[in-house]
């Protein structure tokens with residue numbers, strides 16, 4: 001039996017789509033030196049090649065892909081978006097605005113200089129910034145711009161072409177810039193990170209290991225009684241001196257949970273909870289009696305929970321003010337916008353931050369009730385909330401404003417982005433509402449993006465040969481300029497206007513470009529995870545601004561003549 005593969009793929013859109021995805025994902029795993037191509041560029045290259053052979057898919061698949069992607073971007077940004085926008089993220093907001101705004105203006109200028117159409121210009125901006133949200137926002141706005149079908153088809157094809165030609169240029173140039181730009185300025189990044197560490201009491205180890213606290217029991221001997229000198233537990237401050245706290249005491253056969261007024265007596269058996277290294281460093285006074293095994297004394301369930309910051313008595317306060325150790329709990333991690341932050345006593349908590357806390361189950365539950373709620377450990381997605389807010393986003397996108405002879409529609413990209421932000425924000429405030437496991441959210445976002453990339457590549461592939469010959473050299477120059485010049489402008493603004501610490505500044509710059517590979521290079525250069533503070537500060541707001549930049553470039557273009 002003979003099978004005509006071309007006819008088979010042309011006759012089955014679903015089969016063609018998944019063939020493109022599979023081949024593209026395989027290609028995306030290849031590396032050019034230390035740079036991995038990535039899923040987006042892999043799928044785009046394969047789809048462009050097949051598009052040249054006149055393969056195509058239904059445009060509805062493309063539309064659904066970008067809608068799912070941009071909605072999930074909003075959901076991820078939601079928990080921290082408003083806190084960054086309205087309160088303590090002024091510098092980060094300004095940096096993101098400078099980065100995105102300067103890139104937008106430069107792209108508009110180069111597009112007019114080289115005589116490109118809006119499709120090539122917007123695609124070049126998206127590729128140079130390695131930003132799919134720009135591509136999505138521009139594509140959606142073009143479809144609602146009222147262009148004639150022939151003009152729209154050319155603009156959308158050129159949008160894909162511009163993105164494909166400049167994406168690798170943008171990625172590689174930013175990675176090279178992240179490696180060498182810190183060396184061209186007079187402040188050493190490692191020194192800057194250490195300075196912040198000294199000022200704020202941060203843990204700078206990017207590879208810090210996290211251990212569960214353990215419980216051990218000791219019999220109180222004469223040396224410990226003499227050391228206590230009649231002081232109660234509150235006065236002794238045992239945790240501050242040892243890194244352990246007394247969870248239980250057995251005295252005269254009676255088991256009790258001590259309060260701060262308890263005084264240690266000869267013969268008491270005490271259960272100490274702390275990290276393994278804290279037990280190892282215990283003064284001999286604690287162990288001079290004898291370590292004991294008492295099933296009841298040691299019967300404590302140590303748990304590790306992720307607590308979402310929500311309550312007003314925690315939001316806006318410094319981490320040290322929570323006094324977790326006073327409540328018998330140990331902080332393992334602080335996560336903001338999916339970025340692990342350094343353990344910083346002075347970091348100001350935002351609504352939606354996640355604290356990974358270990359300790360006795362009862363104590364952890366008490367702390368969680370005080371500052372927020374324990375994140376649901378469930379694999380079940382609240383599909384009702386997902387679908388409802390998706391519908392709301394589409395309805396918002398239908399809104400059109402009329403100004404004399406000019407009409408402006410919000411569009412699906414902005415509508416879905418706003419609806420996603422609201423769902424993410426509400427989820428951070430209501431533990432039982434709108435829960436989407438992070439793995440499920442990542443899968444839907446990645447799948448939507450890959451479907452979108454496959455669609456734009458197949459639709460643009462037939463014209464890539466002619467386009468590459470006509471504008472290839474111009475695209476190379478423009479891609480480098482739009483990728484690197486805004487980074488330099490952002491550095492100068494942050495260093496000499498905002499006077500930011502260099503470690504935080506470079507992290508924030510990579511966050512404004514939403515480029516994780518470049519962020520890893522900055523952390524390696526600083527030999528610290530302190531730049532993650534800056535990265536998390538700009539990342540959420542930059543994703544939103546980049547989507548709006550894709551919309552704005554299409555709206556502004558006709559007015560430039």
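Here the Cβ of each residue, glycine as well, is placed from N, Cα and C on the backbone.
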Annotated stretch (transmembrane segment, per Swiss-Prot) among the listed ranges 343-363, 406-426: 406-426
Under an 8 Å Cβ to Cβ limit, what residues of the same chain, 6 or more beyond the ends of the transmembrane segment (158-178), are close to it? 32, 34-35, 37-38, 40-41, 44-45, 48, 116-117, 119-130, 135, 138-139, 142, 456-457, 459-460, 463-464, 467-468, 471-472, 475-476, 478-480, 482-484, 487, 506, 510, 513, 515, 517-519, 521-522, 525
In the domain 'RCK C-terminal 2' (292-373), averaged pLDDT is 83
Same-chain residues at least 6 beyond the ends of the transmembrane segment (475-495) with CB under 8 Å of its CB atoms are 91, 94-95, 98-100, 102-103, 106-107, 110, 114, 120, 124-125, 127-129, 162, 165-166, 169-170, 173-174, 177, 181, 185, 502, 505-506, 508-509, 512-513
So which residues does the transmembrane segment (94-114) touch in its own chain, when a touch means Cβ under 8 Å and the partner is 6 or more beyond its ends? 120-122, 124-125, 128-129, 471, 474, 478, 481-482, 485-487, 489-490, 493-494, 498, 505, 508-509, 511-513, 538, 541-542, 545-546, 549, 552-553, 556-557, 560
